[in-house]
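Annotated features, as they stand in TrEMBL:
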- H72: active site, nucleophile (ACT_SITE)
- D353: active site, proton donor (ACT_SITE)
- 1-15: compositional bias 'Low complexity' (COMPBIAS)
- C61-C405: disulfide bond (DISULFID)
- C205-C456: disulfide bond (DISULFID)
- C257-C273: disulfide bond (DISULFID)
- C427-C435: disulfide bond (DISULFID)
- 1-20: region 'Disordered' (REGION)
Amino acid sequence: MSLYSSNSGVSTGSSPAQSSDPCDSTWAGYQCQPQISHFWGQYSPYFSVPSEISAKVPHNCEITFAQILSRHGARDPTASKTKVYNETIAQIKANATAFSGPSAFLAKYSYTLGADQLTTFGQDQMVKSGIKFYTHYASLARTVEPFIRSSSEDRVVESAMNWTEGFHAAKLADKSAAGGDQYPYPIVLQYEGDDLNNTLNHAICTEFESGTYSEIGDDAQAAWAKIFIPPIQARLNADLPGANLSIDQTIYMMDLCPFNTVADEDGLISPFCALFTELEWVQYDYYESLGKYYGYSYGNPLGPTQGVGFVNELIARLTDAPVQDHTSTNHTLDDSPATFPLGRKLYADFSHDNDMTAIFSALGLYNDTLPLPNTTVVEAEAASGYSASWTASFASRAYVEKMQCHGHREELVRVIVNDRVQPLTQCGGDDLGRCSLTNFVGSLGFAKAGGHWDQCFA
């Protein structure tokens, strides 16, 4: 069964509040202590990224199509990470003979984080994302329903459901909107599994998953960690004599700052965050950026190929033509108008950070970013807008728009990632970041040719 409705028996916990949290807003995202919270890599809560081009609909233009591709909201650590985090705290508790300086709070700290599931804060992020999308594209959203797909992991499906809650609430509050929506909206699931085709969750390219290219991201991170972590490690071990934290465990202590922050329903900054300086958070953000760039982007020879399937689906939606793909698409779903309808004006897909990174690369975004060195920091501004926190945060979202503009015979395409308008240099983007539909689709030859899918099973 691939159709899922939010009244079909999967618990979503308590309904997220739609009121404004102290740290998180619908429009600007997370804004508490941005000098550190905007440098937590993919564990940063979504925030509005600076843009050189306005994300507003250009003058004399009308939006004719909008697609959102979204990461799930903030979650607990993965099961494997929650285990090692818990063990690290237990090691400190068992062996530290003192808890001094900013580490004093650890004397009374107990590890209570779960595994894999959305937090209440993460649910609320997605409600706000739905409200924001509706408001931004109200000219379309007032009269049509979005077509929605999700990868099947619980936190992703729940994120999709929370997003629809926000979208529908905004529509109900809009006195100009047409009524009659069939809510809850159906959600088409793409099931996750090692042998299942899924454009929202990589799994089947074996050379990428477990072969030659599977460790490149980890290796880049390890090289940088050996440079920036030892001074932090020494300071923590001095404040916690006897703890003997390793390099990896020092990174785990940094991870516990964002994870404990998003575990608070209001997203209040965790005491873990004060264990580290602003510079160290910049270095940490770069550590996470290296993992994404060399794991799933241009730094990995098969990284962008993992995003090709979705890009070919996007081409189909933009051009109102059947999907042409031989990579990760599920043709049972994509060949049916019930589960892959064409001609719709609003689409919403829900996925993971790694998959979005690969999709952005398959689209040619951030193609001006020079290869990231693993010995020194290159911040997002100097990397053509690329960093893990700017592209893959919790509840991160990309909008792909078509618009009809006065003086242009053909529809124009624009891509916005977390409110930052992409320059689309690969298809000759204009001063407002727009390419003609023909030029945009024409720039996607890598995806149309299947990327390097032929190398997946070498």
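Backbone N, Cα and C atoms are what each Cβ position is placed from, and that goes for glycine too.
Keep in mind that this is a model prediction, so the values were computed, not measured.
In the three-state DSSP scheme, C61 (disulfide bond) is classed as strand.
Residues within less than 8 Å, Cβ to Cβ, of D353 (active site, proton donor) and separated from it by at least 6 positions along the same chain comprise Q42, R71, K292, A388, A392, S396. If you take the C-beta of C257 (disulfide bond) and look for same-chain residues 6 or more apart in sequence within under 8 angstroms, you find I36, W40, S270, F272, C273, L275, F276. Mapped onto three states, the DSSP output places C456 (disulfide bond) in coil. If you take the C-beta of C405 (disulfide bond) and look for same-chain residues 6 or more apart in sequence within under 8 angstroms, you find P58, N60, C61, E62, L412, R434. Residues within less than 8 Å, Cβ to Cβ, of C456 (disulfide bond) and separated from it by at least 6 positions along the same chain comprise I204, C205, T206, E207, F208, L302, T305. Under the DSSP three-state reduction, C435 (disulfide bond) is assigned to strand. Residue density at C435 (disulfide bond): 23 other Cβ atoms are found within 10 A of its Cβ, drawing on all protein chains shown.
Around C61 (disulfide bond), taking its Cβ as the centre, 20 other Cβ atoms fall within 10 Å, counting all chains. Between H72 (active site, nucleophile) and C427 (disulfide bond), the C-alpha separation comes to 29 Å. Within 10 Å of the C-beta of C427 (disulfide bond) we count 18 further C-beta atoms, all protein chains included.
Neighbour counts were taken at the CB atom with a 10 A radius for the disulfide-bonded residues C205, C273; the maximum falls on C205. Secondary structure at C205 (disulfide bond), as computed by DSSP, is coil.
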